[in-house]
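Visitor: Attaching a single structure in structure tokens format; questions to follow.
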Amino acid sequence: SRLGGPWLLGLLARLLLWGSPGAWASYLRRSSSCTPIPHRMALCYDIGYSEMRIPNLLEHETMPEVIQQSSSWLPLLARECHPDARIFLCSLFAPICLDRLIYPCRSLCEAVKRSCAPVMACYGYPWPEILNCNKFPADHELCIAAVSTDENSSSRRMPRASCKDCELEEASTAREILDNLCANDFAVKIRILRKNVTTTISDFDLDSSRVEVLKHGPLLRTEIPGRLQQWLDIDATCVHNIMRGTHAGVFVVSGEVQSDKVVVNKAYAWQKKNRNLHQAVRRWKHHRCPEQAG
């Protein structure tokens with residue numbers, strides 16, 4: 001997997017080297033200075049303020065160290081696991097330069113952990129102890145709160161990253177596409193719309209007037225649009241990879257049904273140049289899968 005073991009292994013190793021933040025109290029008594037957030041610190045540059053305190057809240061004492069350690073988290077942000085993940089991390093890596101050090105609120109940590117820890121768990125790594133949410137102040141204290149408001153009411157639309165990195169497939173041969181449709185539980189031709197373009201989470205909608213069911217498998221035809229909209233809501237990374245920066249597109253997607261959700265395994269762009277895909281869809285109506293033929 002492109003975002004798998006190597007970066008997480010390196011991240012975990014660095015976190016373990018930091019040790020437990022039990023010495024934070026003594027750190028608070030140490031002097032710190034304000035310094036501009038450099039362009040090279042991609043995690044936090046242009047986040048909304050221009051200066052940070054160093055040493056930071058993770059006890060990094062030099063800017064090269066801050067830049068190196070913070071870059072380890074960029075792949076996690078690319079998974080769009082929570083809209084406040086960057087704010088949470090930068091409150092620690094690049095604390096805002098005020099009269100006193102301000103930590104992230106415990107609720108902010110918990111919200112980010114709830115959505116982002118599963119990404120690390122996909123590869124066998126736990127949420128690091130250095131980011132133990134119990135060590136951050138409660139909401140009634142002075143701390144950095146979540147920017148995404150009323151998470152409980154919007155939890156249905158909060159992306160939950162999957163362990164699968166999906167990409168847009170090349171329509172190689174019509175036969176290969178037909179075999180793929182046979183191997184999956186469902187196959188649908190759909191139109192996806194991007195509702196907004198932000199630096200955090202992209203929202204996608206299913207054009208319900210453009211749903212063509214090729215294969216419904218264990219699903220009822222009537223429930224497929226709802227299930228696919230749920231997929232658009234919860235697997236932001238997969239949809240983002242498929243859309244490739246476009247605002248709208250027609251795709252043939254296929255996948256499997258897993259208890260309360262659907263997982264898309266393959267996606268092909270419906271374009272004139274994809275002749276093999278067009279041919280496969282035309283042939284599908286009369287195609288018999290190997291188990292049917294037997």
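The backbone N, Cα and C atoms fix where each Cβ goes, glycine too.
Not my notes, these are from TrEMBL:
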- 1-25: signal peptide (SIGNAL)
- 29-146: domain 'FZ' (DOMAIN)
- Cys44-Cys90: disulfide bond (DISULFID)
- Cys109-Cys133: disulfide bond (DISULFID)
- 163-289: domain 'NTR' (DOMAIN)
Visitor: Just to verify a number: CA distance, Cys44 (disulfide bond) to Cys109 (disulfide bond), in angstrom, no decimals.
Guide: 17
Visitor: Taking Cys44, Cys90, Cys109, Cys133 as the disulfide-bonded residues to compare, which has the smallest set of other Cβ atoms within 10 Å?
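Guide: Candidates: the disulfide-bonded residues Cys44, Cys90, Cys109, Cys133. Fewest Cβ atoms within 10 Å: Cys133.
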Visitor: What are the helix, strand and coil residue counts for the domain 'FZ' (29-146) according to DSSP?
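Guide: Residue counts in helix, strand and coil order: 46 helix, 11 strand, 61 coil.
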Visitor: Cys133 (disulfide bond) to Cys90 (disulfide bond): how many Å between their Cα atoms?
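Guide: With the alpha carbons as reference points, the distance is 15 Å.
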Visitor: Between Cys90 (disulfide bond) and Cys109 (disulfide bond), how far is it from one CA atom to the other, in Å?
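Guide: Approximately 12 Å lies between the Cα of Cys90 (disulfide bond) and that of Cys109 (disulfide bond).
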Visitor: Pop the mean pLDDT for the domain 'FZ' (29-146) in here, whole number is fine.
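Guide: That region's mean pLDDT is 88.
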